[in-house]
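Feature annotation from TrEMBL assigns transmembrane segment to 25-47, 59-92, 104-127, 153-173, 185-202, 222-244, 265-289, 326-355, 376-396, 402-426, 446-467, 473-494.
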Amino acid sequence: MVMDSGEKRLNELGYKQELRREMTLFKTLAISFSTMTLFTGITPLFGSSFQYAGPASLVWGWAVVSFFTWFVGIAMSEICSSFPTTGSLYFWAAHLAGPKWGPFASWCCAWLETIGLVAGIGTQAFAGSQVLQSIILLSTGTNKDGGYLTPKWLFLCMYIGLTVIWAVLNTFALEVIAYIDIISIWWQVVGGTVIVIMLPLVSLTTQSASYVFTHFEKAPEITGISSSAYAVVLSMLVSQYSLYGYDAAAHLTEETRGADKNGPIAILSSIGIISVFGWAYILALTFSIQDPKYLFDTSNETAGTFVPAQILYDAFYGRYQSGTGAIILLFIIWGSFFFGGLSITTSAARVVYALSRDGGVPFSSVWKKVHPTRKVPANAVWLCAAICILLGLPILKVNVVFTAITSIATIGWVGGYAVPIFARMVMAEENFKPGPFYLGKARRPICFVAFVWICYTCSVFLLPTLYPISWDTFNYAPVAVGIFLTLIMLWWVLDARRWFKGPVRNIDQSPEHDKIDVHIRNGL
């Protein structure tokens, strides 16, 4: 039997095949696309981004962010082609940074990615609960007609319920998750197409093209932000939050056939699909706005809690004097959050499993266990779910939970991209063993643009989003991320640097393998 090219490369890197390698390119693309998802980034942040600077900044911001995201995706695809392992980013960082800096680079990358992915589950659970809250409100009579607006305790129950369901589903055989994600990609492509086409057609009136593409309007009386440049920066947060997650394909490379080729294809295809569909979705929502000021009115039908829900309701009620159509489309959007959370849970568990396999997590022997029959890291799945639930508990008392979790997820997840990309940019080219996808001389400028863009993205998510700054408007992400990084660095300095050496091989080495390893890890 001919060995799969991805398995062959995995063996060369010092790892034996433990997970079931049965995923096709389409299944991998489905999970990667589901992790990014069409609706889950745009929908919850559309309202706030629109409020900062109006429609033009929101619409063109997506185009700008999409452009720079391609640099990051291309840089990561080259590395993925060379290192098709489930450890992905932190494995890449260790090998690309060389023997001196490799362990530290791997340590930083692994923990950034881990906290980003776990917080990412929380963003899906929170925003999914927001959509469900709007569905319940509209289904029971709207805010004006005595509809039921779920209180905080019930909102938290929905948040926990979604997290637990995703964990339960992830304890089944991988092929079950893969098939669910195939449903997801069709759900989002077909559902997204329906919404993008139907919404402007249903709306009694639509905004003009000049309004959508050129109108700039700040709201300093609400946001407290009078600087135009600052308003534009914050209006692009929706795009920066939406356009990441494509590394999910890299987490599944040990389970994907021909991963050295199909991994990069899945990464770039995910970016291409979401760039086009995401822009179309933003345009559909923006063109269909009936009254921009009414969207944020706390006395409107959705209690001013969820702008996209109000846009959908205004369109269908204006045409048919019924909000049923809006409820149906909201259910399609909710399905996107459900599938996205399921996929992110899959990715988070794979990263925790890989890091535990290398001894980088407390009680690693527990979290690295693979279920004997289902061949999935079930213990790692439930660890991620438990941490996610803990992150959501402040919902009962704090109003800025989503902002904090979103910022933590983006900084951790996207920040993890920066480490291997920087190492790839500065390493000596003769020390790199390229895969089928190879950039050649273009790698340095591409990696440089990608790295600078990542640094910018992480920085803006630390900025205050509302003024004046108070306990209710303070962006807690800098504090949370600062405490987390401080603890991780202290752990490294006081203890981990003595024993953590990065990815640990689990296969007997042959002289040929040793020779390859020396070539890869020769250093910068």
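Glycine residues also receive a Cβ, built from the backbone N, Cα and C atoms like all the rest.
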Spatial neighbours of the transmembrane segment (222-244) far in sequence, C-beta under 8 Å, 6+ residues away: 36, 40-42, 45-46, 48-54, 57-58, 61-62, 64-66, 69, 216, 271, 274-275, 278, 296, 406, 410, 413-414, 417, 457, 460-461, 463, 465-468, 473
Top partner of the transmembrane segment (446-467) among 104-127, 326-355, 402-426 - counted as Cβ pairs under 8 Å: 402-426
Contact call for the transmembrane segment (104-127) and the transmembrane segment (402-426): at least 3 Cβ pairs under 8 Å, seq gap 6+: yes
Two-stretch contact, the transmembrane segment (185-202) and the transmembrane segment (153-173), at least three Cβ pairs under 8 Å: no
Chain residues in Cβ proximity to the transmembrane segment (153-173) (below 8 Å; excluding those fewer than six residues from its ends, i.e. six or more beyond): 121-122, 124-126, 128-129, 132-133, 180, 337-338, 341-342, 345-346, 349, 371, 374-376, 378, 381-382, 384-385, 388-389, 392-393, 395-396
Among 59-92, 326-355, 376-396, 473-494, stretch most in contact with the transmembrane segment (402-426) (C-beta, under 8 angstroms): 59-92
Intrachain neighbours beyond the transmembrane segment (326-355), with Cβ under 8 angstroms and 6 or more residues off its ends: 31, 34-40, 43, 85-91, 110, 113-114, 117-118, 120-121, 124-125, 127-128, 131-132, 134-135, 138-139, 162-163, 166-167, 169-170, 177, 180-181, 183-184, 187-188, 191, 194-195, 198-199, 245, 247-248, 251-252, 308-309, 312-313, 315-317, 361, 364, 367-368, 370, 376-377, 380-381, 383-385, 503
